[in-house]
Every structure is written in C-alpha cells, then in structure tokens.
Amino acid sequence: MARNKIALIGAGQIGGTLAHLAGLKELGDIVLFDIAEGTPQGKALDLAESAPVDGFNAHLSGANDYSAIEGADVVIVTAGVPRKPGMSRDDLLGINLKVMESVGAGIKTYAKDAFVICITNPLDAMVWALQKASGLPPQKVVGMAGVLDSARFRYFLSDEFKVSVEDVTAFVLGGHGDDMVPLLRYSTVAGIPLPDLVKIGWTTQEKLDAIVKRTRGGGGEIVNLLKTGSAFYAPAASAIAMAESYLKDKRRVLPVAAQLNGEYGVDKLYVGVPVVIGANGVEKVVEITLDDAEKELFKKSVASVQGLVEACKTINPAFA
C-alpha cells in the first residue's frame, strides 16, 4: 500500500517543525516546498539524516516547483510573511493575499483532492482566500488557530491549577486574534467546569480573567520574547493533530477555522468553531449553545473577521 503524501508549503521554522513531527509520527512521505532555492532541499536532507537516529521511515524531499506536491493527501500552508514593525494590516493582507493566490493555483493544479490546512496570518482571511483560490470544497480547506489557542488556554489553566494538561479540556471560539473567545463555561479540569472550581475556592474569577487575557495575547507574548520571529513548535503540533485526524479518520472534535453556512448565524465566512475532522475533512460543525455575553463576544470576533475579508476584496476585487 502506498504511503500518504504530505506537502508542506513554506520551509521556514513552522515548515521544518511540521516535517519533523510528520516524520516522527510516520504520517507519510513528506515534500517541503519553498520559493527559496536550497532551503527546502537542505531541511529535507537534514531531517532525512535524522531518521536513522529517531527510527522513522519516511521519504523526505525538497522542491521549488509546485509539481512536486502532485497527488498530496494533505497540504499544510505556512507560506507568507509575518507582520513586521511599521507594517499596516492592509500591507500584510496585500502581500499574503498574493501568496495565497499562487499557493491556491498550485494546489488547484496538482493536489485538488487534498485536505488543506492553512496557518498563514491573518489566519481567518487567508484561509478564506486560499479556499477561493484553490477552488477546493470548503470542507477540505481549514485554518489552524483554535487548536493552538485552546492549547495555550489549557496550558495556562494547568499551570494555574497545578494539574496535568491531560486533565484540562478547554476550547476557544471565534477569530484568531485579540477578539477570540475562550469559553470558561465549556472548559473543565477533570470534568469539573471552571465556574464550579471558582465556587469551591480552587481559583478566583480574577485569575481566570487574567488567563483569558493571556490566551488572547499568547502569540504576541512569544513574538516579544523571541524578538526575531513568532511561535513555531505549538503551531506545528496543532496542525499535525488536525492532519492526523484526517489521515487516520480519527474523527476528533477540534476547534478550527471552518467555513460556516448558517451555523452560529454566520454565512460563508471562516470562523473558529469546534468541528469533527475525519476522512472527508470537516464532517460536522458542532454548534454549541452560547449565553448572551458569549454571543456578543462571538459576534464581535466575527465582525473582525468580516472586516479582514472585506479588506481582501478591496485589495483584490477578483476575490469579491
């Protein structure tokens, strides 16, 4: 039986980490693609030479031509530029929109049956543009944000309660930005909802509010510490969890940026919600009940995403 094929578009920090994790988990053969000549080839060779030590079997290759991704089962997109000091939102949108056009065209030509995971920021707008540019069915194109944001939320909660991260469940709704909505009511420690843990004196509402605030700024906190880039270990691990659920038909319930078609009162926008990921991509959108306060926060988050999408349409009317 042929191995699965995983194409990684962008061979930067996240791309290299994705390749390493995919190899360690033996998810399939791996192609690293980048426009920078030598970079994907060098990283692929370096990782291939680690296989005998780590004991994994996967063929790794690097390429500068989209034909190398032909027949990929999964495509993970990290290509694009990060926001730099002095760069406006529209500057970033304009540059990365062009990248999504080119990546989308490559996927359309060579990997039209793939499950596509977008990591490029601003995430919710870029995954929307990538789906448009690739022409793939919306259930086969998703954005990686909620898994990462939820992981950060879970880590901060486990640190607060001094318990294993395995016993903390939490998820985040909405866009991947300052308006994301970490849901305290639906987050638990060993099955006990956070509001109940406040009642029994394990923590305070003030501490939970501080954790929510830190979760919203989680990416920025790492950027400020690194000074030369942004997070890559946790984003890569998050995307691999999504890819693995698809490839192995695990049907995990994961928060991802998925296209909504009326769910949560949202139409034709990519927004972070819990979904079931299986062999068909997004198998189901899980629509949970929100209270009035949560609805308002979610609505604000959706409005931010809508603003980014409208800006994309203004920059390039072909996306309208």
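Just so you know, glycine gets a Cβ as well, placed from its N, Cα and C.
According to Swiss-Prot:
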- HIS176: active site, proton acceptor (ACT_SITE)
- GLY10, ALA11, GLY12, GLN13, ILE14, GLY15, ASP34, ASN96, ILE119, THR120, ASN121: NAD(+) binding site (BINDING)
- ARG83, ARG89, ASN121, ARG152: substrate binding site (BINDING)
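Location within the structure of each feature annotated in Swiss-Prot.
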{"residue": "GLY10", "record": "NAD(+) binding site", "Cβ neighbours (10 Å)": "25"}
{"residue": "GLY12", "record": "NAD(+) binding site", "Cβ neighbours (10 Å)": "22"}
{"residue": "ILE14", "record": "NAD(+) binding site", "Cβ neighbours (10 Å)": "26"}
{"residue": "ASP34", "record": "NAD(+) binding site", "Cβ neighbours (10 Å)": "21"}
{"residue": "ARG83", "record": "substrate binding site", "Cβ neighbours (10 Å)": "17"}
{"residue": "ARG89", "record": "substrate binding site", "Cβ neighbours (10 Å)": "13"}
{"residue": "ILE119", "record": "NAD(+) binding site", "Cβ neighbours (10 Å)": "27"}
{"residue": "ASN121", "record": "NAD(+) binding site", "Cβ neighbours (10 Å)": "22"}
{"residue": "ARG152", "record": "substrate binding site", "Cβ neighbours (10 Å)": "25"}
{"residue": "HIS176", "record": "active site, proton acceptor", "Cβ neighbours (10 Å)": "29"}
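Of all the binding-site residues in the record (GLY12, ILE14, ARG83, ILE119), the one with the smallest CA separation from the residue listed as 'active site, proton acceptor' is ILE119.
ARG83 (substrate binding site) sits 19 Å from ASP34 (NAD(+) binding site), counting Cα to Cα.
The secondary structure of ARG89 (substrate binding site), as reduced to three states from DSSP, is helical.
When secondary structure is read from DSSP and collapsed to three states, ASN121 (NAD(+) binding site) falls in the coil class. In this structure, the CA atom of GLY10 (NAD(+) binding site) is 21 Å away from the CA atom of ARG89 (substrate binding site). Distance noted between the C-alpha atoms of ARG152 (substrate binding site) and ILE14 (NAD(+) binding site) is 17 Å. Rounded to the nearest whole angstrom, the C-alpha distance between GLY12 (NAD(+) binding site) and ARG89 (substrate binding site) is 22.
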